[in-house]
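Below: the structure, in structure tokens.
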Amino acid sequence: MGSRLLCWVLLCLLGAGPVKAGVTQTPRYLIKTRGQQVTLSCSPISGHRSVSWYQQTPGQGLQFLFEYFSETQRNKGNFPGRFSGRQFSNSRSEMNVSTLELGDSALYLCASSL
């Protein structure tokens, strides 16, 4: 009886499909070499005008990069000038890193808010 119930629960979960998180970040995965340039894109939740970017290097907590609100940079973390960003009139945002260095290997996240 127990294994039948577990199989049923798994089948129900598989049928549920993916849950949309709201914020879309592209590309999802990226591999670059030292010296190259990278651009990441973030589409916020509909109606959100603020977009923030974060970096998380292996074994470390999130580090704030910058925040944009209505196309204007409001806050900036303590990062080199190789890190830059912008926000468009539709609230979509891009983060750029020029001349990549080995220490730039990290998880980059964007978040949106009202």
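Using the three backbone atoms N, Cα and C, a Cβ is placed for every residue, glycine included.
Features reported for this protein in Swiss-Prot:
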SIGNAL    1-21  signal peptide
DOMAIN    22-114  domain 'Ig-like'
DISULFID  C42-C110  disulfide bond
CARBOHYD  N96  N-linked glycosylation site
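Rounded to a whole number, the C-alpha distance linking N96 (N-linked glycosylation site) with C110 (disulfide bond) is 13 angstrom.
For the domain 'Ig-like' (22-114), the DSSP counts in helix, strand and coil order read 3 helix, 45 strand, 45 coil.
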